[in-house]
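What TrEMBL annotates here:
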type: COMPBIAS; residues: 393-409; note: compositional bias 'Gly residues'
type: COMPBIAS; residues: 410-424; note: compositional bias 'Low complexity'
type: DOMAIN; residues: 3-67; note: domain 'Cation-transporting P-type ATPase N-terminal'
type: REGION; residues: 393-424; note: region 'Disordered'
type: TRANSMEM; residues: 40-64; note: transmembrane segment
type: TRANSMEM; residues: 219-242; note: transmembrane segment
type: TRANSMEM; residues: 248-273; note: transmembrane segment
type: TRANSMEM; residues: 758-784; note: transmembrane segment
type: TRANSMEM; residues: 796-821; note: transmembrane segment
type: TRANSMEM; residues: 842-864; note: transmembrane segment
type: TRANSMEM; residues: 870-889; note: transmembrane segment
Amino acid sequence: MSGDPSMTTTVAGLSTAAATRLLAEDGPNLLPQASTVPRWRAFAAQFTHFFAVMLWVAAALAFIAGMPQLGVAVTVVVVINGVFSYVQEARAERAASQLRAMLPAQVLVRRDGTAVSIPAAEIVHGDVVLLSAGDRIPGDVDFTGTESCTVDESMLSGESEPVPKRPGDPGFGGTFLVNGNAEAEITATGARTRLAAIATLTATAQPPQSPLNVELRRVVRIISVVALTFGGVFFAVSLLSGTSWRNAFLFAIGVSVALIPEGLLPTVTLSLAMGAQRMARRNALVRHLQAVETLGSTTFICTDKTGTLTQNRMSAVEVWTPQSVVVLSGTGYAPSASITGGPDAVAGARRLAWTARAASRGRAVLHGDEWVAEGDPMEAALDALARRLDHGAGSGAGRSAGKSAGTGAGTSADGDDPGQAAAGAEVAVEVAVDARWPFDPARKRESVAVAGHLLLKGAPEFVLPLCVAPADLAACQAALDEMAGRGLRVLAVAERVLPGTPGPDGPWPEDPGELERELTLLGLVGLHDPPRESVAEALRATRAAGIKVAMLTGDHPTTAAAIAGEIGLLGPDRTVLEGKDLPEDPHLLGALLDRDGVVVSRVSPEQKLKVAQALQLRGHVLAMTGDGVNDGPALQEADIGVAMGASGTDVAREAADLVLLDDDFATIVAAVEQGRATYANIRRFLTYHLTDNVAELTPFVVWALSGGSFPLALGVLQILFLDIGTDLLPALALGTEKADKRAMHRPPERRHLMDTRLMVRVFAVLGPVEAVFEMAAFTLTLWLAGWRPGAEFPGVGVLAAASGAAFTTVVLAQLANAFACRSESVPPWRLGWRTNPLMLKAVAVELLALLGFLFIMPVATMLGQAPPTIAGLLVALLSMPALLAADYWHKRFTHRRAAGPSAG
Ligand SMILES: Nc1ncnc2c1ncn2[C@@H]1O[C@H](COP(=O)(O)OP(=O)(O)OP(=O)(O)O)[C@@H](O)[C@H]1O
């Protein structure tokens with residue numbers, strides 16, 4: 001708190017013209033880019049990683065060994081793969097930076113004498129910024145006016161205790177105002193701030209690995225180990241069967257590298273980036289790409305109430321005073337009020353409203369016929385209330401308005417009513433506040449000292465005990481219960497004459513506790529905040545998706561329960577808890593909360609953190625919303641911290657993984673749906689990719705097991721070309737699959753990308769079918785040409801045609817597989833052929849490439865293949881229905897076992 005008068009003296013700030021000139025001179029207020037990798041380095045990196053280097057060695061060896069075609073082919077493969085990966089990564093990076101630019105930080109500054117909100121990047125040296133709790137300080141500053149202001153400087157100093165600031169103290173860009181309000185003059189922006197110096201130091205630090213990254217690296221590692229093992233076995237068998245060591249080494253490297261899914265990581269990144277873009281179109285902005293995937297596996301959502309479930313458009317609809325009840329309806333200036341009570345009924349209500357407004361900073365302005373909030377919507381509603389009652393009284397609407405009508409002079413004659421002493425009837429005149437102790441979520445009240453009075457408003461349980469027991473405590477409690485039971489937020493308003501207190505210059509106590517006692521209760525005010533229309537439907541969707549929801553609110557238990565009941569959140573056992581009653585033990589707490597539709601009221605930020613920890617201990621993947629200054633730790637603790645883009649504080653936004661641009665609960669649900677879709681897509685192309693690997697490996701396994709006596713159905717070059725000709729485009733197309741309509745009709749699952757289900761599908765169903773037909777096409781061609789196992793290898797022409805048949809089979813089977821992989825449970829013909837246009841294009845390109853690889857003679861000769869015979873072609877064609885049939889039966893089988901619809 002502070003009684004510092006400089007808060008009320010207005011420093012005019014810069015003129016717009018001066019600011020524009022300074023902005024041109026100094027440049028925008030942006031931190032120097034954390035030295036991003038230059039493009040050429042990112043490009044070069046695609047050609048210098050371990051596997052690429054192995055391929056370069058293989059190419060060099062091929063040239064030295066006098067096999068220039070192989071050398072050229074390997075080089076082509078490295079280049080195509082490198083360019084493809086680079087393009088994908090660049091696209092993903094571009095998408096990510098577009099997302100970052102969607103939420104520019106805004107700052108309130110005083111320009112030309114009025115407060116305006118501008119992007120933080122446009123702040124210049126000399127600007128006067130107006131800060132309130134939760135704001136990030138946009139540059140280095142000197143404080144010019146402060147009100148109970150403390151700043152979290154931990155990011156610069158490591159000191160976790162907030163630092164109190166007084167006028168004249170310096171403040172630093174990037175730190176946060178934790179408490180109170182402040183006015184400050186900017187002394188340095190952008191690269192000249194202290195943060196910039198530190199940011200350049202820390203830019204080189206690696207960001208932590210996300211779970212998805214860890215998981216993907218695991219997948220790539222497994223496949224790489226398998227590939228290298230095969231390479232080793234192949235090398236050994238080649239040597240044993242009399243191949244020269246150089247050739248053996250060459251082929252071993254070729255086989256290993258062909259099997260390693262280098263393209264997988266960039267494809268996944270791109271797929272996440274596209275998921276993030278789709279979320280952004282639905283007003284959900286992820287702050288890291290990996291959050292897209294985590295969102296998909298969310299099992300529990302803890303949401304707050306005001307603004308997320310409700311519209312945060314408050315209006316005061318009822319005033320209870322010991323003498324009267326005033327019920328207001330309608331909007332605009334002149335409410336239709338129903339008043340019960342004696343002659344002073346409206347006078348009492350007005351006095352309450354004026355007091356509550358004096359203890360507020362939020363204000364309301366009339367737009368058309370509606371009050372629009374400037375600042376805290378609840379406080380704005382109190383401002384509107386005061387003006388409406390004045391207006392009503394002045395125009396005679398309040399039939400018992402009595403003596404204070406219009407002028408507000410009434411009770412102030414005896415100097416007893418500071419609020420009304422400053423009042424005009426229509427025009428709000430601000431009262432001169434000597435000292436303010438702002439609202440904080442622990443005290444749950446706010447008080448001000450005005451002209452020798454202490455004026456206070458706050459949560460009833462936190463105000464009533466400070467009051468001299470009113471004669472009609474029971475009536476007060478009944479009024480409170482009744483209003484809360486209707487879902488109204490209820491505030492108590494009280495005041496006290498301060499004996500012999502200091503003037504505006506203080507000194508005032510830091511702790512208002514010693515002043516906030518022996519208060520006189522003026523009454524209660526009930527505020528209505530309509531639920532969002534989308535919420536009931538969104539809650540139904542969450543339930544259908546097997547996700548549990550809890551409401552964590554700072555509001556009164558009865559109010560919270562009423563709203564939760566109204567929107568259909570409250571669970572069947574109607575569990576409504578209070579923050580103070582939550583058990584300390586995290587296991588107990590987890591067990592208590594682990595059900596659907598729990599309401600926790602009067603919850604503090606620390607309790608939110610505990611709730612997050614307890615639910616995660618139960619194995620939940622938790623999304624938690626928060627908008628307050630102190631919500632940062634809970635948001636960081638949750639798997640998905642959700643902050644509000646429209647309201648909410650900078651602190652919360654920067655701790656969050658997901659920002660809701662429209663503050664709407666339904667948007668979280670939309671984001672979860674998109675997250676599930678993206679995860680399903682990654683599994684789709686992983687399945688597709690791995691099936692191909694089975695088909696590519698089988699010839700080598702057969703060859704090696706036969707000790708080199710069974711000819712090799714596919715050569716290294718053919719494998720490399722399969723990888724490029726068939727894998728890249730369909731994998732991309734699978735990454736663009738739309739969200740499955742039923743994705744939100746099954747329970748969430750937290751599983752490894754490469755789980756048993758996927759492995760069985762690849763290694764026991766799709767892969768073997770493809771491999772069997774591939775080997776059948778090869779063997780049948782040889783057989784019909786008269787070759788029998790164990791005999792001398794047939795001539796080059798026969799081998800080429802057989803190998804061409806095997807190659808064709810893999811391409812065609814993969815073509816069918818691309819369609820099979822579009823869903824994990826539905827056969828492709830039920831998905832509609834035109835629902836993924838990119839897939840049709842990918843398939844067309846694949847077919848053209850196949851024709852080229854078979855019929856362009858130099859290419860075919862280089863690959864060691866020729867167009868297949870009729871018999872070979874028939875087997876290749878048969879592989880398609882066979883693969884689809886196997887896929888169909890497998891889907892039916894697992895589908896039935898899973899009992900219940902599931903798709904994706
Ligand atoms: N500006 C204020 N001045 C006085 N009391 C307030 C103020 N804001 C809130 N309160 C009281 O404190 C209680 C808790 O408010 P708080 O803002 O902490 O809740 P919250 O967590 O934002 O609630 P919700 O879940 O509804 O968003 C309110 O129910 C109200 O009684």
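Heads up, the Cβ atoms here are built off N, Cα and C, so glycines get one too.
The average pLDDT computed over the domain 'Cation-transporting P-type ATPase N-terminal' (3-67) stands at 75. A Cβ distance under 8 Å defines the sequence-distant neighbours of the transmembrane segment (40-64), meaning residues of its chain 6+ beyond its ends; these are 70-72, 74-75, 77-79, 81-83, 85-86, 89-90, 224, 246, 249-250, 253-254, 256-257, 260, 262.
Remark: the transmembrane segment (796-821) contacts the transmembrane segment (870-889), by the rule of 3 or more CB pairs under 8 A. Only residues 6 or more beyond the boundaries of the transmembrane segment (842-864), in the same chain, are considered here, and those with a CB under 8 A from a CB of the stretch are 69, 72-73, 715, 717-718, 721, 725-726, 729-730, 732-733, 799-800, 803-804, 807-808, 811-812, 814-815, 818.
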